[in-house]
Amino acid sequence: MPSYSCNFMAKPSLFVLVFVVVMYLSTAQGPPPFPGYYPSSSVQSKGFSEYFANLWGPQHQRVDQGTLTIWLDKTSGSGYKSLRSYRSGYFGVSVKLQSGYTAGVITSFYLSNNQYFPGNHDEIDIEFLGTTPGKPYTLQTNVFIRGSGDGNVIGREMKFHLWFDPTQDFHHYAIQWTPSDIIFLVDDVPIRRYTKMNDATFPTRKMWIYGSIWDASEWATEDGKYKADYEYQPFVSKYQNFKISGCTAEAAESCRGDSGGMSQERYRAMEWVQRNYLVYDYCHDPKRDRTQIPEC
């Protein structure tokens, strides 16, 4: 006589497994929760030349119908810099990345004062780390404070994959920097909040806005495993929809900047991103010296 006990036990186990997989996929896919409001909608877009000028590699940079294109080949990359410096504000841009083999190549949009405080600078980074076919881009966010990016590197990296393909269309990336926190946003969704603990762990000096494309083969893709391959040149990145609203260095002290706070909706959206797309958090890296990152 056949026994049915094993089949009977297997079916619930299979059902549970399928249920768990389906629930996981349902949470990991689809758009993020509504963040409550869209800060980019309150900032007017302006043309590249109203905010920026070429910094280096002018022969690898052009503006056409409101879109800035910069590219890297074996001769040079390119970069740009804001005309003014800022103490706080909203700094956003829409970016479209190149598909295919882009290992070793970094496309960036960031705040820095490295030209004015060499060896002792501050920086707030959004960097797209190039990749190999079939693998997603990594968006790296980082914060350097008073020389922690010079020689004695104390990075505060958090790395993410994205819930869309950044090579198919333009998406908006932004930094909201206030005297009390820094919020990184993707399409108005907060992906990271860095809160001021004290002056030693937070950038407080004026910074300029930069963007660039360059070869960082030593570390950019899987810790340098894959290098830039110039058989695939040029490597092209496109920027548009520049949105800047901040307190310039010359503004009155009463100009403080506002991140809009972190409502319950914004926290929920940020937690969704970090639960599903965060791939590295410096605070959870056992190799890091905890005395250098007291905010963790």
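Numbers here mean position along the shown chain, with the first residue as 1.
From the backbone N, Cα and C atoms, a Cβ is placed for every residue, glycine too.
Features as listed in TrEMBL:
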ACT_SITE  E123  active site, nucleophile
ACT_SITE  E127  active site, proton donor
DOMAIN    25-239  domain 'GH16'
SIGNAL    1-28  signal peptide
Around the Cβ of the residue listed as 'active site, nucleophile', the count of other Cβ atoms that are within 10 Å: 20
Across the domain 'GH16' (25-239), average pLDDT on the 0 to 100 scale: 95
In the chain carrying the residue listed as 'active site, proton donor', residues 6 or more apart in sequence that have Cβ under 8 angstroms from it: I106, T107, S108, Y110, L139, Q140, T141, N142
